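Peer 1: Positions annotated as transmembrane segment by TrEMBL: 12-33, 69-91, 103-125, 131-154, 175-198, 235-256. Annotation source TrEMBL lists domain 'ABC transmembrane type-1' at 63-251.
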Amino acid sequence: MNSKGFNRAMVACLWIVLAFMYIPIIAIIGMSFNATPYGMFPYVFTFDWYKILFTESNLLPACVFSLKFAFGVTVAAIIIGTMASFGLQAYSPKWSNRLNALIQLPIIIPWLVTAISLLLLFSFVGAGRSMVSMFFGNLIVVLPYVVLLVNGRFVSMDRTPESAARLLGAGPARVFFDITLPAIVPGIMAGGIMAMIMCFNNFVVQYYLIPIGTQTLPTLVFTRIRSGYQADLNALSAIIVLVAVGIVILLVKLGFSAGSLFGISSGSSSKKGE
């Protein structure tokens, strides 16, 4: 195969991947406007499922609760993860890498194993299935990702301004808030976004630790699917997708990209900097 044919094959592969990724998303948005409950033909346009979602469905309160809960976990994860990442810088590169690897180890442990072990631990200390258990359980799951991204910014940042500030008499607190913190903001934002998304979607940990009588969106969706499919799920899914797209567009408008958030600079951006 010549280079032209190879490039065409890779382009075709790219579009196949994009189709697999986005056709289900587009389909669920379309089905949310279909009068047929199961999204079957004939297609009859309607807003009825959105009316049910905002007036009769219990999905919206569960979604709001999940967002508030995920936001609280994210704030705690950002604060603790940033402090832990800053603490890693006090060690030599050798020990810093070892400790960082130890922090990242829970990432490869299946969430089911983590959830069961956390349930046993919290039951042993008397907390059982409670809001406190669910909060700390989700916090433990998302913390390694925050540390991974924030520490990546610490490692890649230029430490010369910090040294210069110390030589000029600036204290540790002023150096951190005036120099270090602005430099690691992209990593903090990336870690916060990752923590928010993972906590919002973490059905496994929430299922095992949620208190009786409380419902997050993932646990409620699971319960409702077991009892029978209802099309207001499509309406809520469509809203979540559109909100996510809006957030991405807003970040792009503000000048952020995936590369800038995760500490990856593209060739074009480096050329502009020159």
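The backbone N, Cα and C atoms fix where each Cβ goes, glycine too.
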Peer 1: Please figure out which one of 12-33, 69-91, 131-154, 175-198 racks up the most CB pairs under 8 Å against the transmembrane segment (103-125).
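Peer 2: If we count Cβ pairs closer than 8 Å to the transmembrane segment (103-125), 131-154 scores highest.
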Peer 1: With the transmembrane segment (131-154) as the reference, find which of 12-33, 69-91, 175-198 contributes the most Cβ pairs under 8 Å.
Peer 2: 69-91
